[in-house]
Amino acid sequence: MNKVVVIMPTFNEAKNIGGMIEKLVDKEFPKIKNAQMHLLVVNDLSKGKDDGTGDIVRQAIKSRKNIHILEDEKRGLGWAYIRGMKYAVKTLHADAVMEMDADGQHPPEFVAPMVQSFLDGADYAIGSRYIPGGSVPKEWPVFRRAVSFFGNLFIRVVLLKPRLHDLTTGFRLTRVEGVLDKIDLDKLMEPSRFAYKVDLLYQSVKSAKKVVEVPLEFRPRVEEASKFSTKEMISTFKVAIILGIKDKQKFFKFGTVGFIGYIVNALGIYFFARLGWAEWMIWAVATELAIISNFTLNNIWTFKAEKITGFIRLINKFVQFNLTSTGALVIQTVVGTLGVNAFGPRYRQILLPFIVVFLILPYNYLMYNLVIWRSWKLPRFFKK
Ligand code: GDD
Ligand code: MN
């Protein structure tokens, strides 16, 4: 049976943790029949002390077999999850882990649908407040709603994740095999902050084949105050921006390689013409040299993370690469001819850059990422 470990970080949650254990472990877990459910509390201390949270959990452990606790000096929310995730995987042998708040803002009855989506094949389930069925507290003032909504919208745009609706939620499920085990938790960005979750989401969505958003009704906090602050918010945006730029670096390299290819092409034409070659040979050889240059540079630079190696595979992929380049030739010929027919020959030179920028570049980038180097896994997004 699959084992799911709910990781719950606590920092002075004595007023909440007892009730949470009763509702989650005693009432909700038994309802989940086809998964083995465990709760792992990651309690943080301040100068070796807490408000009694740890004692309440240890008391609960005495009469229950599926509760565990880790305790350490406070280093921040990200570190708490890193410790919890490592323990859940290595010691508890979890098949999936969940992230969940202890303060009741993530209602325990929303755990079952998350687990169900995992059992139905989801690699990554996001408890989403911004899809039908999900919500933020009615009590939230307009300002707080706006910050959360626009903050999310901003991260969606920066990370180019238009199909996901909630990128900062603290309620998520991650499959260990193929997703969590691909992530180097020691290298997470901003591990001492809430911002850790943006990096984790970014990396998880990259590896997950099936990403699901499950509605979450985010409740108001009843006891104690939130530990979120403006500092946390700013660092969250910072992480999103850095990740966004990293993503675009690849596109920049791709563009540079394309430009070098153009130079190679032009130089080839120049030299082969001086050698007095037949016209078709000048063009054919110069074009092929550019294709070779593009293939090689993209392989060792742009897509170095997905680098193609081995003689046979290189040959195979190089043939594929030539085929996709032929595709670009077809697009350019067809659209160029149609364009000149429609607007007249005077527009030939104006048409070219438009065709290159709006058709050829996107086409090539798509083919490289999807077919040649396969760096995009095209996650399937589902709503439940
Ligand atoms: N161990 C540990 N260490 N736990 C912490 C720490 C820490 O440094 N800081 C916060 N926590 C625990 C809290 O005790 C609580 O169980 C949970 O993390 C969430 O903290 P809150 O202070 O209640 O955060 P929030 O409600 O303002 O933020 C919620 O919304 C954010 C934005 O959407 C959370 O769900 C966040 O995860 C989410 O990013
Ligand atoms: Mn909270």
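From the backbone N, Cα and C atoms, a Cβ is placed for every residue, glycine too.
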Between the candidate ranges 177-200, 225-248, 321-344, where does TrEMBL place the transmembrane segment annotation?
321-344
Per the Cβ filter (under 8 Å) with a sequence gap of at least 6 from its ends, the transmembrane segment (350-373) is approached by 251, 254-255, 258, 298-299, 302-303, 306, 308, 317, 320-321, 324, 327-328, 331-332, 335-336, 339-340, 343
